[in-house]
Number of protein chains: 2
Amino acid sequence: MAKAAEPPSGTRDLLADDVRRRKHAFDTLAAVFERYGFDPLETPAFERLEVFAGKLGEDASALIFKILKRGVHEASGAADLALRYDHTVPLARVVGTYGSRLPSPYKRYAIGPVWRADRPARGRFREFTQCDIDTVGSSSPLADAEVVWAVHDGLAALGLADFHFLVNSRLALYGLLDAYAVPAELGPPVLGSLDKLDKLPPAAVVTELVERGLPTAAAESLVADLAGEDTDRVRKQLDDTERGRRGLAEVDRLLELTAGLPAGRVRYAPGMVRGLDYYTGPIFEVVAPGFPGSIASGGRYDGLVAKLGGPDLPACGGSIGVERILAIQEADGVPERRGLDVALTVLGAEEEVMRLAGELRGRGLRTGVYLGTSGKLAKQLKWANDQSARVVLLYGPDEQEAGEVTVRDMASGEQTRVALAEVPAHLERHLTA
Amino acid sequence: MAKAAEPPSGTRDLLADDVRRRKHAFDTLAAVFERYGFDPLETPAFERLEVFAGKLGEDASALIFKILKRGVHEASGAADLALRYDHTVPLARVVGTYGSRLPSPYKRYAIGPVWRADRPARGRFREFTQCDIDTVGSSSPLADAEVVWAVHDGLAALGLADFHFLVNSRLALYGLLDAYAVPAELGPPVLGSLDKLDKLPPAAVVTELVERGLPTAAAESLVADLAGEDTDRVRKQLDDTERGRRGLAEVDRLLELTAGLPAGRVRYAPGMVRGLDYYTGPIFEVVAPGFPGSIASGGRYDGLVAKLGGPDLPACGGSIGVERILAIQEADGVPERRGLDVALTVLGAEEEVMRLAGELRGRGLRTGVYLGTSGKLAKQLKWANDQSARVVLLYGPDEQEAGEVTVRDMASGEQTRVALAEVPAHLERHLTA
């Protein structure tokens, strides 16, 4: 295969069954978000380059696809537009653009492609779909809880049964640092190490904490308190600090407001950190057996919309890792191919065949007509078989004279003669039986 | 409004109702194409730049958005990728990439954005959705007829009632030139002038033909024969030439194979040219009162897939001008806003409110919970009103004590007290009544 014939590095051609499977998943999620009163938003594939300027970190900025100026400016080699890197920067711009014309709070979902010039790898694409919900303009704990509910319902609607939320709070994490007397300058690296408690053995995390400058005793008691299932010891420690108490209160409020979800679905995880440092309040992550890492995440990020150039509004949101979920479901499941309901062979009387096909389509049946050049029935039956047709219709000279059609069921091989006018009703019965 | 806050020139932010309306239209069209056995195809937003090289004319090439190389190559100012200009170039690439792994013939639909750096104008966007169906690998007249049927059913499904197809054939047009003794070198300009017969008075077209070098007598008889409703005179002329006879046969076959469509829907239009010179067989255009220009078009283009770098396969297809149709339908219709089915006020007992909201959403009701900070009922009712809520629920201290909820119908203003446990069933009945 010539390289020029492949899609660009890190991108995919989505053929029939892929498109259908993805569309079904996206529609399913959209329907859930609609029930929560989230509104859809679609922004352009690209934004003015200045919309990104200084908004993303250095690492992210390097991954932006930039679009060359056009016309006489093309030769300058300069760019003025950039492909969407995520749905958050466009959201901040939209909130700034439309302001009070948007509902308040503004609850929106975005399910669509984003582009990142990442090094392509297994499961990592340069064009992939992100699925976000966000509520801008509410500081209510009910908004945080609603995001958790909506993400929960979204995952359940995708067919996931065994998953749970780990929740924590940025404030509780700061309280943790206070309670265990971690020096301020060690805060970020210590949280970074604690975030590995789900991957590394506790002793390895202790070693890393000590390497980063924490006294051994503090490192050991911190890890011992966080590693267990029991959160009581950590709670007691947090209760002794002001930030810890406020953080715990945030976590407990979120647990109370999501108590209506199935038991055990939402759990306090005092050592869960979330890498992104723009979170300011409650944070969550969803884990599921069989899925490495997390399949959804989110939290409150009150300063971010302003930092991204929008108005200074509180906000919270969540993101479902729909590409990751689809990839794992695909690897597990049997790929389903959508075939034809009815294949019409063409043995003369083409006008009548087209008319009949039109009637069948009018009844919602997926109907194909043989478009090849062969007049041989065997060849046409092979085509019908390739199309996974459930039923094949034969309307040859015999049938034409009798005003009938031969209906062949491809699974059973059974053949029935049906009066031409009766065929649509007959097939509707036969195929929905 | 700062310029940086606007979407890039020629693009649009699609807010809630726009997204919903467009999605509904696209889903409607996809469902029609599925019934015909067309498969969806989604290609990446960008292709390697070389995929376009020499494939588009000079005018089109100038409209391509090119993507700058990344990393250390960015400074070169060179591009290696380009945004999708249409769905046809990617189709040719895909047919080349997947070859025999695709069904044969390969019938696909593509509904998705394309990008063109056109000068933005009213109704002309730089990011817009194209909706194409194509059949690659069939030279059967049934394939041409099927495209006409599918486009017909698509337009009807979009709610258009009054429209018709103008059909012609490239061969018939060449036959026309032969029959009226138009010198070969005058062929293209003469066809270009004839294409204006639907916009200019016949005399103006005659003048233009004469200016282009056609003898006055030939120009007058050509225009007289084409301008009338009656196609008999043209048919007689075409019958005298070899290409004319073959072209007429193509047109008549298409008319026969679409005779099952409502009467008058498909008409021979001997002067209809279609600008694109890659068509090789039957061509069509759909016109409708109230829509300037055409709302759909297509035809057979047997040489194009090879010219675009794919294998040498016959092909035909059609395109529905869905952006144009949506724009005119929007201008005509009342914009519909999707509000909440149920708005829950928050007057304490938040856990219970969230639980109730969860139950209502589980029954498919679009349910919003007040996420603001005001404890005042009047403010919360204003919010519910802004959300176009059909029903508002009040669960204040009185109701909490009685284990009831006050259900207020926003249209009638009527209030009912309902036992808490009965609320979901009550609302389901009330809102679907």
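Every residue gets a Cβ built from N, Cα and C, even glycine.
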Matching residue for the L-histidine site, where TrEMBL names B:Asp86, B:His87, B:Thr88, B:Gln130, B:Asp134, B:Arg274, B:Tyr278, B:Tyr279 - out of B:Arg70, B:Arg101, B:Arg116:
B:Arg116
Write out the long-range same-chain contacts of B:Tyr279 (L-histidine binding site), meaning residues 6 or more apart in sequence whose Cβ is under 8 Å from its Cβ.
B:Arg170, B:Gly299, B:Arg300, B:Tyr301
On the 0 to 100 pLDDT scale, where does the domain 'Aminoacyl-transfer RNA synthetases class-II family profile' (B:34-328) sit on average?
92
I'd like to know which of the binding-site residues B:Thr88, B:Gln130 has the most other Cβ atoms within 10 Å of its Cβ.
B:Thr88
Could you give the maximum C-alpha to C-alpha distance in Å for the residues B:Asp86, B:His87, B:Thr88, B:Arg116, B:Gln130, B:Asp134, B:Arg274, B:Tyr278, B:Tyr279 that bind L-histidine per the record?
22
List, in sequence order, the same-chain residues at least six positions removed whose CB sits under 8 Å from that of B:Asp86 (L-histidine binding site)?
B:Val114, B:Gln130, B:Asp132
